[in-house]
Amino acid sequence: MASQSLCNGERAVVLLFISAILYSTPFSLFSQALALFLLSIAALFLDIRLDNSDFSVPFKTRPGASSGIFLGAVTLPAVMISRLIQLSRAFSLHEVGIKELGYLKVQYWATSASCFGVLIFIFVLMRRSPNNSCTFSSNSPQGLKFSSSCIVSCAVLCCVSFALISYYGLHAVLLLLWVLFHGVAAAKLIQHVLNTFPSCASIGEALLVTSGLVLYFGDMLGCTIAKIDGYWIPLDLQYGVKRSEISTIIQGVVLGLLLFPIFFKFLLQIWEHIASSGHFEARACNEIGKSLIFHTSLAFILIVIIPSWMQFVLDFHIHPLLWIFKFVFSEPLKRLSLCIYWVGVIYASIMRFYNISKNSKVERILLRKYYHLMAVSMFLPAVIFQPKFLDLAFGAALAAFLTLEIIRAGMENLALGTTCAPVYECFHRSP
């Protein structure tokens, strides 16, 4: 039973996937490949130990799901190193420059640091657990020490790698601190995610979301710093690369919406302070004021703040919203026809799903397969004929869902008339 739990299907597939990537890695990326290997070993040992011990995490994870630490920890670094392999081949053919390659290397180390930061956090929790016992011999304290030694070895490897690729010592130190910042931020954020959304995800799924958010926000912060005149942090080699308009728009809109609750909480605290001073004693006036602040601040974020950041990072020459319309109508026949096709597929799928769901004899797995078929039929034509427009459509759909969810949660909270539980708590409840 122990060996069966050790060699389950998920771990075997992930090990095969990592082995194929490591086999394809050139010698010029030896340090990155070694870091991925150490990350995989550390994540595998922690995953086995967590699934085969009496240790219970102080979070409410998804019921019935395995920890998923191994898969969640290696997914993003594996994708990044795969992209590095492609870019290094293009660099050898003089198709890309040194800036693009250096930028992606820092992104890879930042991704690895985020995953290692979460692994260290889990390792500390396991060490401090009062019921730190296990039933599998490979989960002995020696195994835990081995996984921790892998984490330390990767940290040393990261330091040495930056010392070798940097031009001078201060550059290496600042880049190393920048990478370590991602690890600390990921360890703090995963606690917040698991406490804010209990029983919604496994540790591996939360790790995947956390590392992605930290990497996305770190990249946004890095390219902003690189654009500031007279900056002193030497990130220009890594974050001064040419960016596409579509990626900049998606990044700005998504992160702006995710940061909106923080901005709204600050405004709501100011309003409640004014209301509590006695100037607005009427409850109706107070609720109308909060609703007005909510919609005004959301519109201000979407129309002013986010486009201003986009134009600061990348020279659009026109307002980013106008650039989107210009891009869509540059090929109106293809792109508008694709939009009409998407609407038709979604409408037909919803009607079909409704008819199938009324039949209780249909198994749920068939519903999931039908959904997969619908997704393939929707995205395959766009992948072949309009890949750039598909990227923009994905970003627009995500932004629309985030905006609607923010409005729904905000209106629901304001309708309750509670002043002690601002809308911010709907998205970011404190642990």
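Backbone N, Cα and C atoms are what each Cβ position is placed from, and that goes for glycine too.
Just so you know, TrEMBL annotations are computer predictions that nobody has curated.
Residues or ranges marked as transmembrane segment by TrEMBL: 20-46, 67-86, 106-125, 146-169, 175-194, 206-228, 248-271, 292-312, 332-350.
Residues 370-371, 374, 377-378, 381-382, 385-386, 389, 393 of the same chain, all 6+ positions outside the transmembrane segment (332-350), place their C-beta atoms under 8 angstroms from a C-beta of that stretch. At the 8 Å Cβ cutoff, the transmembrane segment (206-228) and the transmembrane segment (106-125) share at least 3 close pairs (sequence separation 6 or more) and count as touching. In this chain, the transmembrane segment (292-312) lies out of contact with the transmembrane segment (20-46); the count of Cβ pairs under 8 Å, excluding pairs fewer than 6 apart in sequence, is fewer than 3.
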